[in-house]
């Protein structure tokens, strides 16, 4: 079974949580695209939902699938966000942003009552850091921002390499918000919450790809079946899978 087939299976399980009248955050990336396509088929069958896309790419996909869309300014809350992840640890902390949409993804996730992460089982890791950590930055003063990032990494005992992400044209990749992305190749992040806190206070950083405490549950698809992992706080509150 291909990775693409596994992603679609995970998306189908997440779709079971969608109810008529919900306001949904629509993630970005190859896995989230499967969810958007499956959701679109349900909408064509009469399901009534409103989606808030996390990128212009997702907006185009959702429009193509006939999903009614809104902005966060036009809805008072989001019931659920469904999105993928580049890495997931056992505490359901995430690395996201490989597709470059981390800022809007985090804003939408934080505005949601629940966040379901969908992925194939290769994304579950013991410790975050194997996948490069995306850090969205302001172009102005980039050298100073890089030095501050390096200092934060040193405080956490991490010796990493920072690389400015380039687009297909060979120039700096530009996010939907007009920013650049520095990918931090770290190998291992021993204390993700601590690093997230240090990065969050650096002037010049718009947002980083560590999603701490935002995922309510994770749907992992493997050749052996579906595994659902819930964040302990969600289990304690009786939140349904």
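Any Cβ shown, glycine's included, is placed from N, Cα and C.
Residues or ranges marked as substrate binding site by Swiss-Prot: 28, 29, 30, 31, 83, 84, 85, 86, 96, 97, 98, 99, 123. Long-range C-beta contacts of residue 96 (substrate binding site), restricted to its own chain and to partners at least six residues apart, with a cutoff below 8 Å, comprise 83, 84, 85, 86, 102, 105, 106, 134, 209, 211.
If you draw a 10 Å sphere around the CB of residue 105 (active site, proton acceptor), it holds 32 other CB atoms from the protein chains shown. Taken from Swiss-Prot, the feature active site, proton acceptor applies to 105, supported by sequence analysis.
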Please give the greatest C-alpha separation between any two of the substrate-binding residues 28, 29, 30, 31, 83, 84, 85, 86, 96, 97, 98, 99, 123, in angstrom, as a whole number. 16
For residue 30 (substrate binding site), the number of other Cβ atoms found within 10 Å of its own Cβ: 12
Can you give me the same-chain residues 6 or more apart in sequence from residue 28 (substrate binding site) with a CB-CB distance under 8 Å? 53, 54, 55, 57, 58, 83, 84, 99, 101, 104, 105
With every protein chain in view, what's the tally of Cβ atoms within 10 Å of the Cβ of residue 123 (substrate binding site), excluding that atom itself? 21
